[in-house]
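One structure is given here, and the rest of the page talks about it.
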Amino acid sequence: MSHLNKAKTAVGFLLWIICWLDVFYSFWERSHSRNVAAVHLVSPTLLGLTMLLATLMVQYERMKGVQSSGIMLIFWLLALLCASVTFRSKILQAQDQAVSGWRYTTFYVYYALLLLALVLSCLSDQISRPPLCTAAPHRKETHIVRSVSFRMMLTGYKRPLEEKDLWSLNPEDRSHCVVPQLLRRWTAECHKQPPHGENKEVRAVEESEILIVKSPKKSGEPSLLWALCLTFAPHFLVSCLYKLIQDILMFVGPEILRLLILFVNDPDAPSWQGYFYAALLFVCTCVQSLILQRYFHVCFVSGMRLRTAVIGAIYRKALVISSAARRSSTVGEIVNLMSVDAQRFMDLVTYINMIWSAPLQVVLALYFLWENLGPSVLAGVAVMVLMVPINAVIAMKTKTYQVAQMKNKDSRIKLMNEMLNGIKVLKLYAWEMAFKEKVSQIRENELKVLKKAAYLGAVSTFTWVCAPFLVALSTFSVYVLIDDQNVLDAEKAFVSLALFNILRFPLNMLPMVISSMVQASVSLKRLRVFLSHEELQEDSVERPTAGGSPYSISIEDGVFSWSRSESPTLKRLNVRIPEGSLVAVVGHVGSGKSSLLSALLGEMDKMEGSVSVKGSVAYVPQQAWILNATLKNNIVFGQKRKEAWYHRVVEACALHQDLEILPAGDETEIGEKGVNLSGGQKQRVSLARAVYCDRSVYLLDDPLSAVDAHVGKHIFDYVIGPQGLLKDKTRILVTHGLSYLPQAHLVLVMVDGEITEVGSYQQLKEKEGAFAEFLRMYAANEQSEETGKNHEKSLPVAAVITLCPTIRRDSEGTTSSVTHVCVSFSSSQSASNVSKGSVSEQNVEEKNSKNAEAGKTTDADKALTGRVKLSVFFSYLKAIGVLLSIISLLFFLSHNLLSLFANYWLSLWTDDPVVNGTQPNRLMRLGVYGALGCVLCPSAGVAVCGYSLSVSIGGILASRFLHQSMLFDVLRSPMSFFERTPSGNLVNRFAKEMDTIDSVIPMILKMFMGSLFNVVGSCIIILVATPMVALIIPFLGVLYFFVQRFYVASSRQLKRLESVSRSPIYTHFSETLLGTSVIRAFGEQERFIHESDQRVDHNQKAYYPGIVANRWLAVRLEFVGNCIVSFAALFAVLARESLSPGIMGLSISYALQLTASLTWLVRMSSDVETNIVAVERVKEYSDTEKEVHKPKVEVFFKMLQSWVGGRGSCISCINMRATF
């Protein structure tokens, strides 16, 4: 949208506001018993609608690509000419007599804006450049009411939506646009603060959590909140404008209700007034709905952008965080920052405007109540003031619980990450149940905190739900008691009741907003602590250009440490390494060999001296880092494919034989962390990656330790050695292999973090120093290892395990002789011949398919299709408990019945006749109303607390059951399940899906039940007051049901696609955390950042249509609800002779609530079905293949016990296939 188009839109919008201000002023005059001509109501109403249509026309022609609209030029010219006649008349009238200052002021502003609109329409808009790619249909901001949304909904209704049906993201919503904006603001904020001291210590996780709970942010720390505000301020201000207009329009309904009641009370009023008021009520509610949905759209899109920016900032920080700081931020904590905390920010953005909007609504409601009831409204204000300190205490306590819950969640996800990373060890040692108990214990602590928060939430809900009735009771009581002439008629009662209902919404929303703010504040501090961690020193390693010094690597007086608060790890390092030389680094375990390579990579803090590395660097870590990708992509590592060089590298790294064995050759997908490769294979792939990248300097951290001696010799001869592929490169080789040392140009000997000797092999050997001692110590070890080491197997999963169990007899307590069993495990893909002593009677079949499909070893997270099965709902309700569910329904029912009866009694009170300026039965009516209050408040309190607690506790019970079941099912899965399932899929379920089950589903269930009973109660009241509405409500009810089912078909699948696309984000992030040193060494940060951004954008691409679908649903539902309101008003006008003002006022006041209640009901029912997908995804792993309950090895040993019969025996060479 160009600046000219924005100006045209703003002028049209201001003209619309001016017209409606005139309408509201006329209503105000009529409410104060002033005579208002009909023209002052009809004319601004029609003009307002015209200006609104003109503004929409401007946007429509912009989308059509019209640069200069002749239609709009003629329209503005005619409008200005018509207004000029009135302009002249008003000037002449002002000279002759006193005039209304308000109407003259608004008209002059209106005339000036018309003139400006005409000038702007004479200007031509800029030519819109065609997009480089096909424009996504949702790029048009008016898609809320356009058919493009309907097309997607129709597609989703006909068949399950797929990824190809999703729209592309707008450029301004993508990571490459959003993340840099936040990072610029955050960097500027960090630069404002004084530099950190040299002795700053990095806090541990527990310490940072204590800081969050007990101490505020120090003045010297950067403000992440301010950085976020500056980044997203434009979007926030736009949403504020929409919300302000919508808040003002909310109070039009009660004023029109006042006019309708006055119309019914006045038998001489013309009928057209009633029809006009009904039509005006419909128009106002429709305009309010459109603005409200536009407001929500801006908020949801802003929240989406905020989540994108936060995830991008976390990922980028993880790539540059220092090693010392890394120790204070566990993988579980960082994953929670990306999943839970980022989601907290996004959820808060939707309702953050309620912080100022709720007080504004309260102030406006109190103002209109003051106009209606006078000073008696102060009694209601006093009641609300008393509620504030109670909820302030609850909010502070809730914050403490939120911090404790997040800490427990961090610990649980951290432990789950460790278990998933070491699942093979857990299964080999049969530690599954032991670790399951540890996770369950942390989970129980987490649920205890949730239960305490549920108690507080019930108290908070009770105070805010009872507040509107207490405010109404105190206000009406004071009003009728302070003066006998104060008559509580229908006008005052139900206009006040409508205002109290408006007051109910901000008061009900405040607890949720305060809770969201508390959660977001905790997440904000956690994120600020992480983003404030120390980063690696960019200038710790100098990168000179080619030429100049003949030395490729030089260190002068180097002193290095892993943390500035710790003592140096490397001391007094002075070494110069010529270009193209092979340097071997030797020393005892812990002498600092790997630390030396880390110092050359810039991974350590340089405390003194200088480091210079000339040219590009390749790094092979001691523990090979493998991507969850094909073997080819692991080797190529983002570089351009060079076939000849690639095959040379594969041959030199001894991978050719492995490619022949693997199912799809180099297209075979390697499982996460290389789980389907042996240690030697992983190390060779890691080395091949470094060789293929063709760098100047190679840092090799003991790459030959995991391979056999003959394989190691082959790699050294063809890759590392003087005749290898890297013969012209500078190579730093950390090794314990003595046979490679004579071929090295230099040998560095390290002792306790210092380089004690430097020289050739022969020179150092003759010195009889530390190197000679090293040779003597490792010579014997290497000889024994060489003779005892089995040949490395090329198949993926292979091991030789010797089990020496003590077998006990079943009938005797004595111990039998020891039976030695040698069991050889091989993978299910191998072919092994069974020996004579084999337990199995069948040969192992060879499975060695070579097609590309066989090369795929990991399963992507899949989205189910169709409706959520009823079994999923039943399983959740079963986990809650049938009795608890019934109790919750009874509590909801009792609360709403009491509320309906109190309002019905109020309508009877207002219909009492007035005798001598007062109501004779007012004290009786007030007494009964007060008695109802005495009964209602405790009963409602019990009901509110009851349903709040029962739903929350039921949700906790269901959450406990589902988590335990999923944990048990996952741990019982065989190793083949973990080989083909990325850990990100599992972490996604244990983190985000469980958070949805913990917090979101119980809250949605409470709101769904509350909306359901509100709708039923409102329909009953409307039907009792105006039975003719019964002709309309069934039809509209069917329409509501159809729209809801039509919407859910798409929203449910969009939720599934969004959940599925979230798992790759966590998988990629976990991989990155494990390989940050390799990524930095190869300089591939930008490529990995781009990959992460793409995965986040892919996830948001599935989330964004959900936003559009929600707005599509809301506009249509609120339109139908507005129809109910207008029909209730219309039938009240038609039946005004037989309808009492009290019943009519009660009917329309409930009809005004019905629109929001119906919309909320359909939304919550849809949210229940879309969020229950979390339960569906959690239960998904219960249907996978499981291990037998009793370990097979135990059965095997019992079989042996029965065979040997207690006699000393030795059974050997038993071959078995590994199926764990």
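Heads up, the Cβ atoms here are built off N, Cα and C, so glycines get one too.
Unlike curated entries, TrEMBL annotations are predicted automatically.
It should be emphasised that the depicted structure is a prediction, and the values quoted were computed from it without experimental measurement.
Residues annotated as transmembrane segment in TrEMBL: 7-25 (among others).
Annotated transmembrane segment per TrEMBL: 37-58 (among others), in sequence order.
Within its own chain, the transmembrane segment (70-87) has Cβ neighbours under 8 Å at 54, 57-58, 61, 107, 110-111, 114-115, 117-118, 121-122, counting only residues six or more beyond its boundaries. Feature annotation from TrEMBL assigns transmembrane segment to 70-87 (among others).
The domain 'ABC transmembrane type-1' annotation in TrEMBL covers 237-519 (among others).
As annotated by TrEMBL, transmembrane segment applies to 348-370 (among others). Packing against the transmembrane segment (348-370) from elsewhere in the chain are residues 232, 236, 239-240, 243-244, 247-248, 250-251, 254-255, 295-296, 299-300, 302-303, 306, 377, 380-381, 384, 475, 495-496, 499-500, 502-503, 505-507, 509-510, 512-513, 516-517, 519-520: each is 6 or more residues past its ends and has a CB under 8 Å from a CB in it.
Residues annotated as transmembrane segment in TrEMBL: 376-396 (among others).
The transmembrane segment annotation in TrEMBL covers 453-482 (among others).
The transmembrane segment annotation in TrEMBL covers 494-518 (among others).
Summarising the annotation, TrEMBL assigns domain 'ABC transporter' to 553-777.
The compositional bias 'Low complexity' annotation in TrEMBL covers 830-840.
Marked as region 'Disordered' by TrEMBL: 830-856.
Taken from TrEMBL, the feature transmembrane segment covers 879-906 (among others).
Sequence annotations record features per position, and here TrEMBL assigns domain 'ABC transmembrane type-1' to 886-1170 (among others).
If you look up TrEMBL, you'll see 926-958 (among others) marked as transmembrane segment.
Sequence annotations record features per position, and here TrEMBL assigns transmembrane segment to 1004-1025 (among others).
The transmembrane segment feature in TrEMBL is assigned to 1031-1048 (among others). Only residues 6 or more beyond the boundaries of the transmembrane segment (1031-1048), in the same chain, are considered here, and those with a CB under 8 A from a CB of the stretch are 153, 157, 1019, 1022-1023, 1109, 1112-1113, 1116-1117, 1120, 1123-1124, 1127, 1158, 1162, 1165-1166, 1169-1170.
Using a cut-off of 8 Å between Cβ atoms, the transmembrane segment (494-518) and the transmembrane segment (1142-1162) share at least three residue pairs, counting only pairs 6 or more apart in sequence.
Here the domain 'ABC transporter' (553-777) returns a mean pLDDT of 86 for the predicted model.
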